[in-house]
Amino acid sequence: METPGNLFVVAAPSGAGKSSLVKALLELDSHLSVSISHTTRKPRGQEQNGREYWFVDESEFRAMIERGEFFEWAQVHGNLYGTSRKAIHERLLRGEDVVLEIDYQGALQIKQLFAYAVLIFILPPSWDELRQRLLRRGEDGHDVIEVRMQNARVEVAQARHFDFVIINHLFETALFDLKTVVHSQRLKYVSQCRNRSQVFAALDLL
Ligand SMILES: Nc1nc2c(ncn2[C@@H]2O[C@H](COP(=O)(O)OP(=O)(O)O)[C@@H](O)[C@H]2O)c(=O)[nH]1
Ligand SMILES: Nc1ncnc2c1ncn2[C@@H]1O[C@H](COP(=O)(O)OP(=O)(O)O)[C@@H](O)[C@H]1O
């Protein structure tokens, strides 16, 4: 089999710019694909089932948990989110690089399963700017934004557990930083092959 691909995990408080950065990165990097999570959150205006997320109801999500279909899952801002095995495992086995856009709880679970995963945390330049971005995005109501601002304090405190922290002040600078992290990990590829194969063997993925 091929050597498993690189696994990048990007987490951030809501509104920091994580989705925008990952989208821009994917446009620049054809070797990278993004994992589509399952969520019980309702779709926003332009979101499509199977593109941003797989939108499911809570009973379906809980049945997937029971069947052991998730590598990780967590409750975030009152909704359930999870990365299905199906979403990433075949692609990693084919040697493709995969990026997960998930919260810090999921990121830490992934690190337990895949020690070689690279954890990247995106910070906003300030609390004020974070609120402005949530308001400008115009997708969430006042109450939802307040919950996200409160949760952001807890989330940002977790940044120290991550391998890299990128401040998204100027978008192009943050994108450059993200690209650099991805490229540097690829340069380490050869030295990590053995460890990666061992993890996959231990998880019965080979
Ligand atoms: N643990 C976990 N968190 C996820 C997953 N998918 C998305 N999230 C996180 O859930 C949070 C809310 O995501 P979303 O509702 O899209 O809001 P947004 O971050 O404001 O765009 C974000 O921190 C996401 O990174 C997943 O599969 N697992
Ligand atoms: N560096 C930046 N400067 C100004 N606005 C930004 C920057 N990065 C992202 N944004 C904007 O902030 C809002 C939130 O970004 P988004 O990518 O949806 O965040 P997240 O996925 O972290 O919740 C969007 O309207 C986006 O266009």
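Each Cβ is built from the backbone N, Cα and C atoms, and glycine gets one as well.
Any TrEMBL annotation is an automated prediction that lacks curation.
Feature list (source: TrEMBL):
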BINDING   Ala12, Pro13, Ser14, Gly15, Ala16, Gly17, Lys18, Ser19  ATP binding site
DOMAIN    5-183  domain 'Guanylate kinase-like'
Per-residue Cβ crowding (10 Å cut-off), top of binding-site residues Ser14, Ser19: Ser14
Same-chain residues at least 6 apart in sequence whose Cβ lies under 8 Å from Ala12 (ATP binding site): Lys18, Phe121, Ile122, Leu123, Pro124, Glu155, Asn168
Whole-number mean of pLDDT values that fall within the domain 'Guanylate kinase-like' (5-183): 95
Distance-selected binding-site residues near ligand 1 (C-beta under 6 Å), from Ala12, Pro13, Ser14, Ala16, Gly17: Ser14
Per DSSP, three-state class assigned to Ser19 (ATP binding site): helix
Environment of Ala12, Pro13, Ser14, Gly15, Ala16, Gly17, Lys18, Ser19, the listed ATP site - residues of the same chain whose CB lies within 8 A of the CB centroid: Ile122, Pro124, Leu130, Arg133, Asn168
Mapped DSSP class for Ala12 (ATP binding site), helix or strand or coil: coil
Tertiary neighbours of Ala16 (ATP binding site) (same chain, Cβ under 8 Å, six or more apart): Ile122, Leu123, Pro124, Leu130, Arg133, Asn168
